[in-house]
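Now, the feature entries from TrEMBL:
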ACT_SITE  Asp211  active site
ACT_SITE  Asp599  active site
BINDING   Ser175, Lys181, Glu182, Asp211, Lys352  UDP-alpha-D-glucose binding site
BINDING   Lys353, Asp377  Mn(2+) binding site
TRANSMEM  88-105  transmembrane segment
TRANSMEM  117-136  transmembrane segment
TRANSMEM  678-697  transmembrane segment
TRANSMEM  709-727  transmembrane segment
TRANSMEM  747-769  transmembrane segment
TRANSMEM  790-816  transmembrane segment
TRANSMEM  828-847  transmembrane segment
TRANSMEM  859-879  transmembrane segment
Amino acid sequence: MYFRVLVQSRPMVPEKDIALYGYGSVAWKDRMEEWKKRQSGKLQVIKHQGDIDGGDLDGNELDADLPMMDEGRQPLSRKLPIASSKISPYRLIIILRLVVLGFFFHYRVLHPVHDAFGLWLTSVICEIWFAVSWIFDQFPKWYPIERETYLDRLSLRYEREGRPSELADIDVFVSTVDPMKEPPLITANTVLSILAVDYPVDKVACYVSDDGAAMLTFEALSETSEFARKWVPFCKKFNIEPRAPEWYFSEKMDYLKNKVHPAFVRERRAMKREYEEFKVRINRLVATAQKVPEEGWTMQDGTPWPGNNVRDHPGMIQVFLGHDGVCDVEGNELPRLVYVSREKRPGFEHHKKAGAMNALVRVSAVLSNAPFLLNVDCDHYINNSKALREAMCFMMDPTSGKKVCYVQFPQRFDGIDRHDRYSNRNVVFFDINMKGLDGLQGPIYVGTGCIFRRQALYGYDAPVKKKPPSKTCNCWPKWCCSYCGSRKNKKGKTKKDKKKKVKHREASKQIFALETIEEGIEETNSENPSRVSQEKLEKKFGQSPVFVASTLLEDGGVPKAASSTTFLEEAVHVISCGYEDKTEWGKEVGWIYGSVTEDILTGFKMHCHGWRSVYCIPKRPAFKGSAPINLSDRLHQVLRWALGSVEIFFSKHCPIWYGYGGGLKSLERFSYINSVVYPWTSIPLIVYCTLPAICLLTGKFIVPEISNYASIIFIALFISIAATGILEMQWGGVGIDDWWRNEQFWVIGGVSSHFFALFQGLLKVLAGVNTNFTVTSKGGDDGEFSELYIFKWTSLLIPPTTLLIINVVGVVVGVADAINNGYDSWGPLFGKLLFAVWVILHLYPFLKGLFGKQEKIPTVIIIWSILLASILTLLWVRINPFVSRDGPVLEICGLNCDD
């Protein structure tokens, strides 16, 4: 007989004291009862008391209590236009390049190649597409600017001596899903850098979204909250940077520089030991989580962990820090730290990261309701402790802050090799393209390192700038001018203007009085909104009176009259699965659904509402993260981005036809069009990279015999392209290595990831088929940047490898044919060889990635690529062989072979 041995459920950390977990909605038996008794007082909520509106947009109204010093009245930031000695030649070159392009296409169209008409026509179509794509990419960089912030002025204005800080509250969002793919230690470092940020502690709240409902993440966050009680005071006492311990202790620098405190060395050594013990505890949690019990995990009181079933579990909220009685080791208050895992049920669409971010928006609105939100990925820690203050210099600026929807910081990365073989740093985009957009309506949202205005996320329109009163003349009496002016204004107001004004008033102003919240939601008296307006708001934001009331508070804050239990119950309600049904969440409110790149859509919708964004580049990078540095992972990342662009292209939010008549500027639209159209460039790019090999194999070329006129046009075009790049590098501060790596990876990504994303997007949109290109690890190596040499098989590697092989074969065949045919054949061969070498040079990093350290290409890639190259080669030889169609020409050589 066989007996089945049942595996008993058990806690992940049996010896841990249950009191260390704080309070929350998780079903603790005794903990919740003790917490309710202890929480006889009300949840302390610090409401922002200052004027974060910053006055009117024209800056005419300033606080009467401001310091009389001129410094306190000055703007908190300013634009720094690019020097005219750099930008004027740049714009001139762009115009000249347009002119040269006109002459180039005039020549190309009027001089077809009759004996290779197909090749000529194909090349011309590809070149026209490249020219249009260049226009969409180039002209949004017409007005590049830089910005400068004044942190001292921010302190003078909002942190007056002897008075509470009037800086605005900020809610920080950290998103994670799978702790096995996103190590808990990395997430813990990000959270620690947030809790130790240089900002008033009562004005910072950190919300961690665990979309995988993993007990490992929950326990790791509990350990992080304990270690934060020691780490946060250490950071602020000695003013260290960065405030993520993993990167602080691993920095290769003189950590004694500018340190004068006599106890620093001793306390640093002790803190490093504390951190190493903290790492061991986290590693033990990870090791324990490798083997999940058959019955799932249990909590300290014996109840099952609610997230044992990842796809079917209730919503969970746990407040680790920020409640009464929890302070750091020096007795100081700590920022709030909240664990959030939204409800998951089968049959509901959860919208991945965008849905998780919208759940955090609602939870934070109920618990803290800060007017500004910062979102970071779990692997992007705060590298500059003053990053929040940098953003507030724009958001709280008295002259222009009210129209800013978000402040975007550039992404900077750790752990990338010096040569940046696959352009992981993306320096050209962050230091050239984004500066150009900042001079228009602002940079696009890139998914992390961005501080939002909460009201902009709610789908409200940007405030309308007040027009100055019209001037009157002195030649007529004032009453006459007033009469004529009033008649003119009345006639000038159309129905459309009135409708727009009413709509804006409904969207942007508080039309309701905040309902009092105590032991539930009670209706107020005569100042309550009408039933129709209340239903309209609930249809937009959902069935939560607490949350709906919070959306009307432009300055943020929560009512002090309510108990923490009421807030917690309401917070659990707003993260339920069905809350977003029949509302505008994901359509007009919050992060927008419909694409895996929800960041582009979200920023695009805000710009369509008339908001502008700001690009902030502090001297010390605000955030740093990690990036995939091996070839396969990098291509897979680019595939995801390109797939999101394809999804947007086929959606109703495509910038080609959406948002006209709103607040989106024309050149800003160009940028958004370019961001969703670029995957389509993969088709002409693949064709164009194939043409050199075809020309070398068939003996034909895409241009006729070049005349002097044509030579001048081609040389002028090449010079204008090079000059544009050089001038962009000059005003953008980008090195030639970064620029060249970006050009190379544009080709590598275009012929692989972008093409597969286009194919996958077409299948998904037109046929409803989801196709995933999986990446499987095949081996690796140890040592610094060892991940760079890890090879992972993926289908994305086949097209570029094929292009490399056929172009190399074409070069060999072309050179061999020229050697056989004599000196006269080298002239026509030169242009074809130059064309093929151009392709090979752009694919060279890809070739190095294939060889890696082992200096060999996997067999599967060689087989597939040679097969495709052979098919293409035989096909073109069959269509247009080297020999004449009548067969080989036989001539008498004059030699007598019989002798």
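For all residues, glycine too, the Cβ spot is worked out from N, Cα and C.
In TrEMBL, annotation is done automatically, which means it is predicted and not curated.
Structural mapping of features recorded in TrEMBL.
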{"residue": "Ser175", "record": "UDP-alpha-D-glucose binding site", "Cβ neighbours (10 Å)": "22"}
{"residue": "Lys181", "record": "UDP-alpha-D-glucose binding site", "Cβ neighbours (10 Å)": "8"}
{"residue": "Glu182", "record": "UDP-alpha-D-glucose binding site", "Cβ neighbours (10 Å)": "18"}
{"residue": "Asp211", "record": "active site", "Cβ neighbours (10 Å)": "22"}
{"residue": "Lys352", "record": "UDP-alpha-D-glucose binding site", "Cβ neighbours (10 Å)": "14"}
{"residue": "Lys353", "record": "Mn(2+) binding site", "Cβ neighbours (10 Å)": "20"}
{"residue": "Asp377", "record": "Mn(2+) binding site", "Cβ neighbours (10 Å)": "22"}
{"residue": "Asp599", "record": "active site", "Cβ neighbours (10 Å)": "24"}
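Taking Cβ pairs closer than 8 Å, the transmembrane segment (747-769) reaches residues 422, 635-636, 638-643, 645-647, 649-650, 678-683, 685-686, 689, 795-797, 799-800, 803, 839, 842-843, 845-846 in its own chain, all 6 or more past its ends.
The distance from the Cα of Asp599 (active site) to the Cα of Ser175 (UDP-alpha-D-glucose binding site) comes to 14 Å. Within the chain carrying the transmembrane segment (828-847), a Cβ under 8 angstroms from the stretch's Cβ atoms is held by residues 421-422, 631, 689, 691-693, 695-696, 701, 703, 706, 741, 743-745, 747-748, 751, 800-801, 803-804, 807-808, 810-811, 814-815, 817-818, all 6 or more beyond its ends. 88-105 is the stretch from 88-105, 117-136, 678-697, 790-816 with the greatest number of Cβ pairs below 8 Å to the transmembrane segment (709-727). Lys181 (UDP-alpha-D-glucose binding site) sits 13 Å from Asp211 (active site), taking the C-alpha atoms as the reference points.
Each residue contributes its Cα atom, and for Glu182 (UDP-alpha-D-glucose binding site) and Lys353 (Mn(2+) binding site) these two points are 14 Å apart. For the recorded UDP-alpha-D-glucose site, residues Ser175, Lys181, Glu182, Asp211, Lys352 set the reference point as the centre of their Cβ atoms, and the other residues of that chain within 8 Å of it by Cβ are Thr176, Val177, Asp178, Gly212, Lys353, Ala356, Cys378.
Binding residues for UDP-alpha-D-glucose (Ser175, Lys181, Glu182, Asp211, Lys352) extend across at most 16 Å, taking the greatest CA-CA distance. Looking only at the recorded positions Ser175, Asp211, Lys352, the one with its C-alpha closest to Asp377 (Mn(2+) binding site) is Ser175. Each residue contributes its Cα atom, and for Ser175 (UDP-alpha-D-glucose binding site) and Asp211 (active site) these two points are 8 Å apart. Counting in whole angstrom, Lys352 (UDP-alpha-D-glucose binding site) lies 8 from Asp211 (active site) by their C-alpha atoms.
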